[in-house]
Number of protein chains: 2
Amino acid sequence: MTAAAASTTDDQRFADLHQVLEQGAMRKAARMLNALQPAEIAHLLESQPPNERELVWSLVDAEYDGEILTSLNDDVREQLISQMDAGELVAAVGGLDTDDLADLIQDLPVTITSEVLKSLDQQRRERLQTALAFPEDSAGGLMNTDTVTVRPEVTLDVVMRYLRRLKDGLPDITDNLIVVNREGSYLGVLYLTDLLTHDPEETVAEAMTLAVQAIPATWGAREVATRFEQHDLVTAPVVDDSGLLLGRITVDDVMDVIREEAEHQFLGQAGLSETEDMFAPVLLSARRRALWLGVNLLTAFLAAWVIGRFEDTIQQVVALAVLMPVVASMGGIAGTQTLTLAIRGLAIGQLSSKNARWLLWKELAVAAINSVVWAVVVAAVAAYWFGDPQIALVIGVAITINLLAAALAGALLPMALERFGIDPALAGGVILTTVTDVVGFVAFLGLATLFLV
Amino acid sequence: MTAAAASTTDDQRFADLHQVLEQGAMRKAARMLNALQPAEIAHLLESQPPNERELVWSLVDAEYDGEILTSLNDDVREQLISQMDAGELVAAVGGLDTDDLADLIQDLPVTITSEVLKSLDQQRRERLQTALAFPEDSAGGLMNTDTVTVRPEVTLDVVMRYLRRLKDGLPDITDNLIVVNREGSYLGVLYLTDLLTHDPEETVAEAMTLAVQAIPATWGAREVATRFEQHDLVTAPVVDDSGLLLGRITVDDVMDVIREEAEHQFLGQAGLSETEDMFAPVLLSARRRALWLGVNLLTAFLAAWVIGRFEDTIQQVVALAVLMPVVASMGGIAGTQTLTLAIRGLAIGQLSSKNARWLLWKELAVAAINSVVWAVVVAAVAAYWFGDPQIALVIGVAITINLLAAALAGALLPMALERFGIDPALAGGVILTTVTDVVGFVAFLGLATLFLV
């Protein structure tokens, strides 16, 4: 057998499993299912409508329950947890890493939390408390406490003999041993690759790497992800304020951070949460969506109210009603481009007060050029359509004004919102279209009132 | 010195460097700059407006040029490459990994490509050709050829002696050695952690892991990323159709894939490319944006044309002009939520023909509930505002129709577009708002024409 032949894509395997489930071959399905990684089972659960989801969950070996739960998004996780009894839950969290356990325990019912705590031994309880002391999205919340440490003065030969005596082997995803002094302060790392290639008579101090800086436990998840990406890290040590080693972060958790941040940005724009379950119960989804629709309805009514101020003008020149969505829409589209660029820039740390002014001028210049181009096109179409050069002039000027306003709002909004502690990915789009609607309608209908009637 | 004290965040260091640059202390700036990782310098370059960018680039040590270029986004990379001469470019690509070289060489002017190829030794040229044989966004394009292989029948002791004789040590990010047979077929991996903890008298065959399936070189980057995320991989072997080992993929490149896919999705919605340089020249940006505005203008004119069909009705009941944006906007917002959820589902492989019908029914049910709620609210406001119960009824029904159409379009569009080979992240939003605008205006103005005039 070649391994290549065994490497089917997830899509393929999920399709196969689906077919077996549909045929009702439950034993076979369970066997296929439990051959998957916990994260793959979690992904499969998230892909199922509610009924199939419960069926799949019932086929999973209990020993994987804990790891699967930690891999699920919050919505689906809560659903499944609510159907488990205390005994099942205590058993499920038994074998988890401290960081996973810390994430999970905050979602458990209070009565069960205390049972879980009781079931832990002294060392695990202490480690859990360390992890719980930090917010979930900080370096401290991401870290695990399964560090293997060595002292600088011993030789590599001694280190290797020490490793061979480790009862449980080395933890998953270990690319280095962490070098600490007598007090437990972080000094550097000894890469396994160096341990294996250097002369065994060398000391750890000679073979270790000083270039890997420890990450303070207080750093945010986003800063941790940037550090991993830019330094090509596989694991990184985490320290407290005084440099004492607390734990380590592994790259698998960092990949999750990158994925979650991206989802937050993408889904946030539509007023959705990154924990949104695609197959959530209808009533739950309807309630969540209703709020977003309500907020947007308010801004739509504001735009309607603005139009209402010009009822008389529209009555006299009904062509205005026909053309006004064009003005608003052009502003919205152009503004969204600037806004999206600025939100991305903020998120990856490339937009700051240092270069914000430059971006603003550039976006205004781009808007100026495009407003001239498109104002002429729209004016020409309007002139031809309604045979009225004045309406053409009015819509051309209105579009120019709205595109400039859109660039201004798109470039400044994200930084302004962030300063007030509001998430630009969530609120930016709503506010921007309110601006471009209002400016667009006021400019177009206002100019028309002045010059056309 | 504790390492924690040395761990400043990127923001902090970038601000410091910026200050030094502004003070004109070029030597100091160069020293600070060249102490950074290539990826950090790339990030810094991307954060600079054009003039500062050239200044920073001129301060960078030539030896980092190649790695920095590979870390830059395409736009900025092309800019900098266009200013380098052949000698500089040949020197820059000298020390690069094969996968990076393969990416970069496709951006070089043809005349320089041949010089670069001439400068490579036989082995590197062959490896480059292997890498170039695969698309950039496939497993083959992501892989590197710096594999260290061992044979199953030797003992761990022999492996360790072999490693100690390696002239250059092990490549960066090596968590395992790849086990191949005499023909070079992939058999499994020997984790360094197992090599270090097992009895040195064991053979590789006894200590190796069979569970890591090799990735076929033809897999897409997205499938590779999913595999890494779900199996918590650090590196993975890549094989050809017959199971022969071709190379390996490392997690740092996978993090880049995840990041780029996310950017593509987020920026694509606004018609921007993920290679978009925030500080691109104004004319270049204006030209790119103009296209997107033009496409959207067409759909805006389509909506205007629809409204134009009802000019007489609007003339008689001018309140319709005031309220019609509310109907279109509610549809657009609700539809975008469904669309965003469906695009995300497709992207992460959780939406397929198996469960699409379930999603459609759920979204229709959510829309039905919300349309009743908001139709009543909007109707009440309209009745109060214009004192006309008939207009209230018409707008209520029109909103209901539009929200249902929005759910239908939002749920079905992504899969339909993908089937036609069109990127839903790029085209989905434009088509959706066209649908909700047209349906909204036709429903509202059409019903009004039937019942109000």
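Along the chain as shown, residues are numbered 1 onward.
Even glycines carry a Cβ here, placed using N, Cα and C.
What TrEMBL lists as domain 'CBS' is B:143-206, B:208-266. Under the heading transmembrane segment, TrEMBL lists B:290-308, B:314-343, B:364-385, B:391-413, B:425-452.
Counting Cβ pairs under 8 Å to the transmembrane segment (B:290-308), the top-ranked stretch among B:314-343, B:364-385, B:391-413, B:425-452 is B:425-452. The transmembrane segment (B:391-413) shares the most Cβ pairs under 8 Å with B:314-343, out of the stretches B:314-343, B:364-385, B:425-452. Per DSSP, the secondary structure of the domain 'CBS' (B:143-206) breaks down as 19 helix, 17 strand, 28 coil. Mapped onto DSSP helix, strand and coil, the domain 'CBS' (B:208-266) counts 27 helix, 16 strand, 16 coil. Mean predicted confidence for the domain 'CBS' (B:143-206): the pLDDT average there is 94.
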